[in-house]
Amino acid sequence: MTMTANKNSSITHGAGGTKAPRGTLSRSQSVSPPPVLSPPRSPIYPLSDSETSACRYPSHSSSRVLLKDRHPPAPSPQNPQDPSPDTSPPTCPFKTASFGYLDRSPSACKRDAQKESVQGAAQDVAGVAACLPLAQSTPFPGPAAGPRGVLLTRTGTRAHSLGIREKISAWEGRREASPRMSMCGEKREGSGSEWAASEGCPSLGCPSVVPSPCSSEKTFDFKGLRRMSRTFSECSYPETEEEGEALPVRDSFYRLEKRLGRSEPSAFLRGHGSRKESSAVLSRIQKIEQVLKEQPGRGLPQLPSSCYSVDRGKRKTGTLGSLEEPAGGASVSAGSRAVGVAGVAGEAGPPPEREGSGSTKPGTPGNSPSSQRLPSKSSLDPAVNPVPKPKRTFEYEADKNPKSKPSNGLPPSPTPAAPPPLPSTPAPPVTRRPKKDMRGHRKSQSRKSFEFEDASSLQSLYPSSPTENGTENQPKFGSKSTLEENAYEDIVGDLPKENPYEDVDLKSRRAGRKSQQLSENSLDSLHRMWSPQDRKYNSPPTQLSLKPNSQSLRSGNWSERKSHRLPRLPKRHSHDDMLLLAQLSLPSSPSSLNEDSLSTTSELLSSRRARRIPKLVQRINSIYNAKRGKKRLKKLSMSSIETASLRDENSESESDSDDRFKAHTQRLVHIQSMLKRAPSYRTLELELLEWQERELFEYFVVVSLKKKPSRNTYLPEVSYQFPKLDRPTKQMREAEERLKAIPQFCFPDAKDWLPVSEYSSETFSFMLTGEDGSRRFGYCRRLLPSGKGPRLPEVYCVISRLGCFGLFSKVLDEVERRRGISAALVYPFMRSLMESPFPAPGKTIKVKTFLPGAGNEVLELRRPMDSRLEHVDFECLFTCLSVRQLIRIFASLLLERRVIFVADKLSTLSSCSHAVVALLYPFSWQHTFIPVLPASMIDIVCCPTPFLVGLLSSSLPKLKELPVEEALMVNLGSDRFIRQMDDEDTLLPRKLQAALEQALERKNELISQDSDSDSDDECNTLNGLVSEVFIRFFVETVGHYSLFLTQSEKGERAFQREAFRKSVASKSIRRFLEVFMESQMFAGFIQDRELRKCRAKGLFEQRVEQYLEELPDTEQSGMNKFLRGLGNKMKFLHKKN
C-alpha cells in the first residue's frame, strides 16, 4: 500500500515553501545499488489520481496530494526521485530533514538506503530496513517499492521479526531492539491496518519528548500514548489505516539520534517516556490484528478516504446537501484524507524552527497542493464528504500565513454563503493565530483529544476502567465516553471552564492538547448570545452558522447521538431559549414550536441543568398541582389553531353557566372600551433604554411649609432646588409643572400640621405618571430641621426614573447627615451624584465626596438585580386585609379596574399601596398610581381611566359626594369594601384562585417548616413566601408565553396571541386570558420581552424555566380523547335543550 507521511511537516514542493539551496538534497541522498525485491504487487485498493500522481511526480504541486500533512523534506525543487548513481552517501545534514517522512520515492532510493543500512537484509523486510538509515538519507523510503508501490503481504511476517530485531541490534551496536521494534517490523510488512494503528500514537504532543534525527532542536512528545491507543482500539478499521509507521520510525530514530548526537544533550532530556508506554501500543495493535484474524469475512480495512463517504443507507448530512461518489476512484477521498483525516499522527505542538528551514502549513489555502486540488475534485466527484477533521500538526513560524485561517485544511469557500461541507460527526473549526513565542505557538496547534476520528466509533461507549494501560483517567472529565459523546451536544454538568474547547490545561487535561478556538465569527456570536452567568450551559459551538441565513444545524444521526445524553431534558423553553433558536436559524413559526418537533427542538438547545428549587417553592407548587391537576397545555399545530371553532370554547369538562359566560363577555367589552380612553403606555424597558445613558436622578428639592398670611394654615413650597431650571425649553416647562405638583405629594396632609419640638424622621415615596405614561418616582425624607423650640418639618425629595427605594434611601441618609452639619454641604454632594452613571441591574456605582473634618469619602450605591420587594411590607397588608379580600383586590387590579384605598395613617396607605402593586410582579401597573393622594387633588378619582390611589380618612366624606364611576373602594382600617362591583370572586380561574387562597392561608405553616439550606432564607420570610405564591399564579397562567415569541427574518420578535391563549387546556384560564390579554399590563410585559436585548433573568424567568421542565409532554390516547369529546358534545346538547 502506498502511503505518504511527513511527521515533521517540512517544505511542500510548489506550494510556496521556503527554498533552500539546491545542493541540499543531493548531499542527503544515499544511492547504493538496490537489492533484489520481490515482484511488485498492485495495490488492493484503487488509488486515486492524486495518489498516483503523488507517487510518480512528487515535485509537481498541481498533482500532489499530501496525506496527513506530510510533505517532501527536500528544500530544493529538484526531483528527489532522480538521484545520481555516482553520489556517495554523505553524513546526515540534519537541517530540514523530517524524521517521520515516508515518501513514495522510486525503488532506487529505497534499495540504496536499504543496502547502506542493513547489509544482507532479507528482501521482504525492505520497508523496515529502509526506515533505519533515515538519519543519513533525507527522502525516507516508504513501505512500498515501485512507481505504484508494493503492498507487502502479511505472510511470513512473524517469521522474520526475530531476524529484524537481531539486525537492528547489530546495526545499532548497543543492544537488542525492543518488542516495539519487532512489532513495527511485523506491522510494516503486514497489511495496512496492522501497521496503521501504531502510527498516531507517538504523535501526541506531550511532555515526554523524543528527539528528531533531523534536528537536535526538534522534539516530539509521547505522554498521550495510553489515551491514543485506547481511542484507536475502539475505533473502526478505516480510522487506523495510515497510522502505523511513525512509532517504529521514531523509536529507532531515538536510539540513532542518541548515538549520533551525544554532543547535543538538550534534545534527549525527556526521551524515555515512550519506552515506558510501549506495551500500551503493542496491546492495541495486537487487538486489531486479532480482530482481523477472527473476522476474515469483514475483509481488509477500508481506506481512510472512504471512511466519510456518504452512506446512503444511514448517514444524512443536513448542511449543504449530500455528495455522491462515482464508482471509479477515490481522488476526493485522497484529498479528504489529506486535509481531513490528516492529523491523527501529526504533532500536537511545533518544535522550534531551525535557521534555513521552513514549511508551509499543511492545509493552508493557497499553500498546500492538496487544498488546491480539493475544490475541483469535489465538484467532479460529489460522493464523498471531505471531513474537516482537526489536525494535530505543526508548522514553522516563519512560513505561517497569518491571513489564511483554514478550517481543518479545507480551502476557503469562494463566497461566504457556501461554507465547507460538514460531517455527520461534528468537529470544531480550527483557527490558527500567529504566536510570538514557542509556547503560544504550541498551544494554538494543540488539539484536545482524538474523540472525533470516526463517526461510527462514537456510538460505542469507551471502556470505563480507570487504570487501563497503566494510567489513570483525569477525574475532572468523568468518563471518557461522556465527554466525547456529548462534546458537541448539550453540555449539562458544571464544567470548570465556560467553553469546552477553550483553556484546557496542558498537564492535567489531555497533556498539552488544548482545543482549537472557534472561528472568529462563531466565537463572537457565541459571546454575544451568552451572558457570563449563562455560559455554564454551552450551546454546541459548531452549530452556530457563520451566516445567519445558512442552514447550520446538522440533522444527521441526531437520533443515534441523543441516546447517549442525560435523560432529563427540558420539554419546552423559555423566552431566552427562543432567542437562541432564532440565532441558530431554526424555523420559528408557531407550528414548528408547538408540534411534535418541539421535543426535538429542546434537544438542539442547551439542556438546562435542573436548578435546586427551594423547599418553600416546592410546597407552594404542590398546592397548585393538587388543585389544578397535571394537564397544562394542549399540543397544537397552526392548522388546529386557525380552525378552532366556538364549539371548542364549550367543549371542556369545566362547564360554566350561561350567566358566567355573559358576565365574561361584559367584562371583555368593558375593559376594551375603558382602555381605549387610557393614555398610551410606556414600559419600563423602553424608558430605561432611553434613560440609561443619562443622569441618576432628575432633580432634588427641599419642600417646606409656609404659613398663609390670611389663615392659620400652611402651604407646602419648594425652598431649595437642584439643579436650577434656567433654560426656558419645553422640557423645562414640563419640569416646572411637575415641580408645582411635588410639594402636594410631599405634604398631602399640610393643613393638619402645627409646629412641633420633636419628630422622628420618616421615609416614604410616591409615583408621578406623566401624560405620555412615563413614570417618575419621588423618594422623600421628612424630618425636623436643626434648631430649638417648636418648628415645622421639611421634606427632602429626590425625583428619578429609577425605581430603587433602597438606593435612594442611602442617598437620603447622606443628605440628612450633611444637612445636620450645614445646608451648604448638600449641594456639592448632589452635584457629584448627578454626574454618576445610570447603574445597570446588579451593578454598583461609586460617588466620591468631600466632607470637612472627614476628608474624601466614597459612597457605594448598588442597584439590586430585582427590586420587586424593595420598600414592600406585606405584614401591614395582611394586618389590614383578610386573604379573601386581598385576592379580590388582586383580581380587580389584574383587570385594570379603579381601586381606592382609605386609611387613617399616611404610612398605612403608602405601605399597602406599594405592597399591592408588588403582588403584580412580573407585571407592572401601567396607570395612575398615587399611594397618598392630596386632598386638593381628590378630583382625580373621577377620571374614566384605571387608577390606584390612597386617600386619608379625612377625605372620605368628600369622596362619597363625587360622581365616581365603577370602582372598588377599600377601607383598610375595617377590612371591608365601601363600594364594589360584586363580581370580584369570579374574575380569576376558580382552581387557581382556590390554590392561591390555600397557600396564603397556610403562610405561617409554610414558613415555619424547616428549610434545607441557608440559601432558602430569602424565601423563608413573609415577603418571600407571598411573592412566590403570586409568581406561581402567573407561571400557571402565562408561563408558556416564551413558546409563542417568534422572530422574523429582520430579527424582530412578535407574539402569537391567539396561539398562546388557545394552547391552554383549561377553559376558565382561557377565558381569563382573553380579558387579561387586553390589559396594558400584559401588553407592556410582552413589549418588554420583544424589546429585551440582554439575557438577564429575574425570579419569574427562573420559575418559568422550572415550570416548562415540569410540563408533561404526553397527550391523551385516541380512545380517551374520543370518549371525552363525545361526553362533552352530550353536555353541550343538554344545555341547549
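Using N, Cα and C of the backbone, Cβ positions are placed for all residues, glycine too.
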Next on the checklist: Which range is it, out of 641-661, 998-1018, that shows up in Swiss-Prot as region 'Disordered'?
Outcome noted: 641-661
Next on the checklist: By the record in Swiss-Prot, which of Ser76, Ser368 is the one labelled phosphoserine?
Outcome noted: Ser368
Checklist outcome for this item: Between Thr364, Thr415, the phosphothreonine label in Swiss-Prot belongs to Thr364
Next on the checklist: Just to confirm what the record says: which one of Ser622, Ser673, Ser913, Ser924 has phosphoserine annotated in Swiss-Prot?
Outcome noted: Ser622
Item to check | Among Ser30, Ser424, Ser515, Ser786, residue with annotation phosphoserine (source: Swiss-Prot) | outcome: Ser30
Checklist entry - Around Ser622 (phosphoserine), how many other C-beta atoms are within 10 angstroms of its C-beta? => result 12
Item to check | Mean of the pLDDT scores, which run from 0 to 100, over the domain 'dDENN' (1003-1096) | outcome: 83
Item to check | Secondary structure composition of the domain 'dDENN' (1003-1096) [DSSP: H/G/I, E/B, coil] | outcome: 60 helix, 7 strand, 27 coil
